[in-house]
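One structure is given here, and the rest of the page talks about it.
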Amino acid sequence: MTQPIARSIPLQVVSGDTAAPASLQTGVKQIGGDKINRSPVQFVDAPVLRKPSWIRVRIPSGNAVQNLKAKLRENRLVTVCEEASCPNIHECFSHGTATFMILGEVCTRRCSFCDVAHGRPKPPDASEPTSLATTVADMGLKYVVVTSVDRDDLRDGGAQHFVDCISAIRASAPKTRIEILTPDFRGKGRMDRALEILATSPPDVFNHNIETVPDLYPNVRPGADYQWSLTLLQRFKAQHPTIATKSGIMLGLGETMEQVQATLRDLRAHDVDMITIGQYLQPTPHHHPVMRYWTPEEYKALEDYGNALGFSHVASGPMVRSSYHADRQAAGAGVAA
């Protein structure tokens, strides 16, 4: 059996700068240290763990990646694959698949694990749904994932823009199955408004990531709430019993096996059908450090545990990401393509 690497490392968390942050200009991206330095928590004196042999990404040859990037730029579209520095980008792009990120490239949150830029976003682009639908149809995609940055500046959290994109894709590519990976729509009345809007044109799969165990939320997802995310998933399922719900969790942020298992139980108790479990990788030295690399055997144990809980599909492995092989995950859960 593969031995675990560095079961834990010391981590000192300190409060961020208490001085009032400089005002942000609309559309300006804050990335890396500029973003994390505005976070309410900072990480200091954390040693860097060496990546184990099972954390490896094969870079395929050929022009498929550049061709797809050119098509995206031509239509002024953004993928979370690029913005979040996903390690699977070359594999997915080489197969002509991508997870499209709508509502801009600037997020209103400052999560310590995420490489997407922070700042004050621009207003939604009214032409984006049409551009997205045209690209999906041109690529002949059978399955598409649509996600977004957090848009706490919008009254509905961006729900109407999601619906506009779903409707446009269905008009241009009626056979394409659509998965949406949404933010939490947190805020007074925002979840109610978002769910009401999404009901007008629901997706084939509704995905919202829980990301980590509840005890780590203050350091990993400042601005989010564990129970709020569970409630969002449960309420969508209650409104749409026949639509698959999905969530994802990262490992390596300091959680224990028992905490992960408890989170899986919580997700099933809130009627989540599908789950993805993968290794967190630090995007830059400024982000939350990797506390531990979980072994392939542990991922297999969690897969078995999730299956025993009754998830319709469990994708568990070091390089698994929420939208990685999403079409295969959906097919495994009975969502026809």
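These residue numbers are counts, starting from 1, taken along the chain as shown.
Positions of Cβ are set from backbone N, Cα and C atoms, glycine also.
According to Swiss-Prot:
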BINDING   Cys81, Cys86, Cys92, Ser323  [4Fe-4S] cluster 1 binding site
DOMAIN    93-312  domain 'Radical SAM core'
BINDING   Cys107, Cys111, Cys114  [4Fe-4S] cluster 2 binding site
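Excluding Cys107, Cys111, Cys114, which define the [4Fe-4S] cluster 2 site, the same chain contributes Arg109, Arg110, Phe113, Asp115, Val116, His118, Val149, Asp150 within 8 Å (Cβ to the Cβ centroid), listed in sequence order. Note on the domain 'Radical SAM core' (93-312): mean pLDDT across this stretch is 93. Other Cβ atoms within 10 Å of the Cβ of Cys114 ([4Fe-4S] cluster 2 binding site) number 24 in total over all chains. For Ser323 ([4Fe-4S] cluster 1 binding site), other Cβ atoms within 10 Å of its Cβ number 29. Under the DSSP three-state reduction, Cys111 ([4Fe-4S] cluster 2 binding site) is assigned to coil, being neither helix nor strand. In the three-state DSSP reading, Ser323 ([4Fe-4S] cluster 1 binding site) counts as coil.
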